[in-house]
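Peer 1: Among the features that Swiss-Prot reports, active site, tele-phosphohistidine intermediate is placed at His11, with the record citing similarity to another entry. According to Swiss-Prot, the feature active site, proton donor/acceptor maps to Glu89, an assignment based on similarity to another entry. Residues annotated as substrate binding site in Swiss-Prot, with similarity to another entry given as evidence: 10-17, 23-24, Arg62, 89-92, Lys100, 116-117, 187-188. Swiss-Prot lists Ser14, Ser23, Ser31, Ser118 with the feature phosphoserine, giving similarity to another entry as the kind of evidence. The phosphotyrosine annotation in Swiss-Prot covers Tyr26, and the record cites similarity to another entry as its basis. As annotated by Swiss-Prot, N6-acetyllysine applies to Lys106, Lys251, Lys253, Lys254. According to Swiss-Prot, the feature N6-succinyllysine maps to Lys251. What Swiss-Prot records for His186 is site 'Transition state stabilizer'.
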Amino acid sequence: MAAYKLVLIRHGESTWNLENRFSCWYDADLSPAGHEEAKRGGQALRDAGYEFDICLTSVQKRVIRTLWTVLDAIDQMWLPVVRTWRLNERHYGGLTALNKAETAAKHGEAQVKIWRRSYDVPPPPMEPDHPFYSNISKDRRYADLTEDQLPSYESPKDTIARALPFWNEEIVPQIKEGKRVLIAAHGNSLQGIAKHVEGLSEEAIMELNLPTGIPIVYELDKNLKPIKPMQFLGDEETVCKAMEAVAAQGKAKK
């Protein structure tokens, strides 16, 4: 029998997801379709009778708005919310704002897959002459970060390394206190949590395509280890299509 339950949800489609661009730390909002995804995710949680005690999320609006939409759907908008940059999306450095398919056509799908799917290979850094450099690095929400904390690029390994301290120091104690926790975040930061919880290999985590807007449920034992694989609150066809869409983002258009 599970000692705890943990629910994760990846933000709905953003405007830059719609345009197939590397979103990174740019603060893209939800697209209309992404808002509908979040509403459906919230309705799935409502239909399943989920209640929560605390929510944790990033400082990026696409996931904050996803969380708002979910909380509205389950009529729990009063819940406390902890926001942290440590749950932000991976920083894609110099690839930020580039169209993924066009980048694949230019550099080859193999190179884009290395940038997107290699565990410890970072993309090119975001240089000061990048059009979104100031937009991100000078944003006041990051004013308290040290130079070492504010990245100019990240590999998935780097993203996981900055998310895990928050998991260990903030999330784990809440779960062990018996609080029902909802984490709304991004693909790469949620991959980091999944890798840690399930003990997945570097290769396995990079092939994990988490769908947007579909709640993910873990049933955990007293040591916070899963007693069964992650479960998706959605019909199988919808989940598979959503995962396939994520996997196809780095491919050149035919």
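Using the three backbone atoms N, Cα and C, a Cβ is placed for every residue, glycine included.
Each of these features: where is it, how hidden is it, and who are its neighbours?
Peer 2: Under 8 Å, Cβ to Cβ, and six or more positions away along its own chain, His11 (active site, tele-phosphohistidine intermediate) finds Leu30, Gly34, Ala38, Gln60, Arg62, Val63, Arg65, Thr66, Ala184, Ala185, His186, Thr212, Gly213.
Secondary structure at Glu89 (active site, proton donor/acceptor), as computed by DSSP, is coil.
Under DSSP, Gly187 (substrate binding site) is assigned to a helix (H, G or I) in the three-state scheme.
According to DSSP, Ser14 (phosphoserine) sits within a strand segment. When other Cβ atoms within 10 Å of the Cβ of Ser14 (phosphoserine) are tallied across all protein chains shown, the result is 27.
Taken residue by residue with DSSP, Ser23 (phosphoserine) is part of neither helix nor strand, so it is coil. Cβ contacts within 10 Å of Ser23 (phosphoserine), excluding its own Cβ and spanning all protein chains shown: 22.
A 10 Å cutoff on Cβ-Cβ distances gives Tyr26 (phosphotyrosine) a total of 21 other Cβ atoms nearby, all chains included.
DSSP assigns Ser31 (phosphoserine) to coil, not to a helix or a strand.
Cβ neighbour count for Lys106 (N6-acetyllysine): 12 (other Cβ atoms within 10 Å of its Cβ, all protein chains included).
Secondary structure at Ser118 (phosphoserine), taken from DSSP and collapsed to helix, strand or coil, is coil.
Within 10 Å of the Cβ of His186 (site 'Transition state stabilizer') there are 27 other Cβ atoms, across all protein chains.
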Peer 1: Restricting to the chain of Trp16 (substrate binding site) and a gap of 6 or more, list residues whose Cβ falls under 8 Å of its Cβ, or answer none.
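Peer 2: Those within reach of Trp16 (substrate binding site), by Cβ under 8 Å and sequence separation of 6 or more, are Phe22, Ser23, Tyr26, Ala28, Ala97.
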Peer 1: Do you see any of the recorded positions Glu13, Ser14, Cys24, Ser31, Gly187 whose C-alpha is within 10 Å of Glu89 (active site, proton donor/acceptor), and which ones?
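Peer 2: Cys24, Gly187, listed in sequence order.
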Peer 1: Between Gly187 (substrate binding site) and Ser14 (phosphoserine), what C-alpha distance do you get in Å?
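Peer 2: The separation of the Cα atoms works out to 12 Å.
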Peer 1: Could you state the whole-number distance in Å separating the C-alpha atoms of Arg10 (substrate binding site) and Lys106 (N6-acetyllysine)?
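Peer 2: Lys106 (N6-acetyllysine) has its Cα 29 Å from the Cα of Arg10 (substrate binding site).
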